[in-house]
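Inspection log for the structure reproduced underneath, given as C-alpha cells.
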Amino acid sequence: MLTFMASDSEEEVCDERTSLMSAESPTPRSCQEGRQGPEDGENTAQWRSQENEEDGEEDPDRYICSGVPGRPPGLEEELTLKYGAKHVIMLFVPVTLCMIVVVATIKSVRFYTEKNGQLIYTPFTEDTPSVGQRLLNSVLNTLIMISVIVAMTIFLVVLYKYRCYKFIHGWLIMSSLMLLFLFTYIYLGEVLKTYNVAMDYPTLLLTVWNFGAVGMVCIHWKGPLVLQQAYLIMISALMALVFIKYLPEWSAWVILGAISVYDLVAVLCPKGPLRMLVETAQERNEPIFPALIYSSAMVWTVGMAKLDPSSQGALQLPYDPEMEEDSYDSFGEPSYPEVFEPPLTGYPGEELEEEEERGVKLGLGDFIFYSVLVGKAAATGSGDWNTTLACFVAILIGLCLTLLLLAVFKKALPALPISITFGLIFYFSTDNLVRPFMDTLASHQLYI
C-alpha cells in the first residue's frame, strides 16, 4: 500500500502574518476590506465572488491575501508535484537497497537456497514428477497462504477499529523481537560461516543484542529517521529471505500473482481491510504504526479530519468566505480546514508551523514481496544475472508508474499490482526467451 501525505490546501487565510508587505507598496484593497467587521467582510467577499464570476477574471490581490502572492492554482499544483519528486526518488533508494541485500545474500550464502523444509502455511509438497499435480499443490498452497494473510489483516483492522492498541503494540513488538534477534542471529551465523570468519559466542550474542536493542528503540520509540529506515529495510530483507528459503518454487510465483490481486482489492474496494485501516486512521487523526510503514520523510501530526477543537485543545484556522469556492477538491469531496497542534510556548499570536513535511509511505509488505520476486529470480532456475536485473528494472518501472498515479489521484493506492505484474512478465520472458538466445550466441561465440 502506497500513500502520499500532503496537505489538501497550502493557502493561508488573510491575517496579520500573511498580508505583511513592504511599507512602500500600498495595501491591496481586498486585504483592507478583510480587516472590517465580520458582516462587512462576508458581504464584501460575496460581492467580489459574484463580480469575478460575471467578468470571468481573477483578482491577483486575492492570492496575496491567501498567502500565495500572484500564484495561480495551476502553478501551485505544479510546484506541489515538483516538491514531491524528491520523495519519489527517496523511495527508490530503500527499495533498491532492500533488493540488493537479498540478491547479495542469495548469491553468496548457500543456506538460503537449500531446500530443506517448508512453511507450515504451505503444507503441500512439489516433489512430484507430474506437472498437473505440482500445479495443483502450488494453487492449494497459495489459497492457504492468502487465506492466512487475509485473516490476519482483518484481525488487525478489527483490533484497530476497537482501539485495542496495547494488543497491537504487543503483537508488533513480538514480531520485531523475533526478526531483530532470532533471524538476525541465524543470518549473521550463516554469513560468518560462508566467509569463514571466526567469532566466539559471547561476541556474537553481544553484537546481536546491541543490534536488536537499538532497532527496538528506533522502531517502537524514538530514534533518528535514517536509522529507523535502515532497520525497516533490514527487517524486510530478513523476512524476504525466509520466504525465499521456505516457499516452494511454483507456489512462490503463484503467491506473488495472488498477493498482487489481493492488494488491489484490499486497498481500492470500499470495504477493503487496508482501505478501512487508512480511513480509520485519518478519521482519528492518528499515524499508522511505524513498524508496518516505511516513510520517506518525517511527518508531523496534522489533522486530516473535521475535529472539535475544544475536545483536543487544538487551534483551528478561522473561516474565510473567500475560500468557499475552493473548499472542494477535484473529486467533489469537501476539504476541511486543517487542525494544528498548539505551540508549547508563546502567545496566541505567535507563528505556527503550518507547513506539513510531505512524504511517501510504503508498506513493509511491499518491500518484502518485491525482494521475494527478485530473490527468487536469482535463486531458482538458472539464476542468470540478465533475469535478475530484468526483474529489478521491472519493479522500479512499476513503482514509478504507481507513484505517478499516486500524484494524480492523491489517495492510497496498492503498490504491488503493477510492479509484480511487470516483474512476472519480465522474469518469464527473459528466462524463456532472452536467456536461451544469449546462451546460443555465447556457444557460437557471437557478440552483439
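A Cβ is built for glycine as well, from the same backbone N, Cα and C atoms used for every other residue.
Quick look at what Swiss-Prot lists:
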- 1-70: region 'Disordered' (REGION)
- 19-30: compositional bias 'Polar residues' (COMPBIAS)
- Ser22: phosphoserine (MOD_RES)
- Ser25: phosphoserine (MOD_RES)
- Ser30: phosphoserine (MOD_RES)
- 88-108: transmembrane segment (TRANSMEM)
- 109-138: topological domain 'Lumenal' (TOPO_DOM)
- 139-159: transmembrane segment (TRANSMEM)
- 167-187: transmembrane segment (TRANSMEM)
- 188-200: topological domain 'Lumenal' (TOPO_DOM)
- 201-221: transmembrane segment (TRANSMEM)
- 224-244: transmembrane segment (TRANSMEM)
- 245-249: topological domain 'Lumenal' (TOPO_DOM)
- 250-270: transmembrane segment (TRANSMEM)
- Asp263: active site (ACT_SITE)
- 362-382: transmembrane segment (TRANSMEM)
- Asp366: active site (ACT_SITE)
- 383-388: topological domain 'Lumenal' (TOPO_DOM)
- 389-409: transmembrane segment (TRANSMEM)
- 414-434: intramembrane segment (INTRAMEM)
Neighbouring C-beta atoms (10 Å sphere around the C-beta of Asp366 (active site)): 24
Positions whose Cβ lies under 8 angstroms from the transmembrane segment (362-382), at least six residues beyond its ends: 1-2, 91, 94-95, 98-99, 101-103, 106-107, 112-113, 232-233, 235-237, 239-241, 243-244, 247, 249, 252-253, 256, 259-260, 291-294, 296, 388, 390-392, 395, 415-416, 419-420, 423-424, 427, 431, 435
Same-chain residues near the topological domain 'Lumenal' (383-388), Cβ under 8 Å, at least 6 residues beyond its ends: 103, 107, 374, 377, 427, 430-431, 434-435, 438
Leading stretch by Cβ pairs under 8 Å, where the reference is the transmembrane segment (224-244) and the options are 167-187, 250-270, 389-409: 167-187
Selection from 139-159, 201-221, 250-270, 389-409, the stretch that has most Cβ pairs under 8 A to the transmembrane segment (167-187): 201-221
Asp263 (active site) to Asp366 (active site) - Cα separation in whole Å: 10
Stretch among 139-159, 201-221, 389-409 sharing the most Cβ pairs under 8 Å with the transmembrane segment (250-270): 139-159
Whole-number mean of pLDDT values that fall within the topological domain 'Lumenal' (383-388): 85
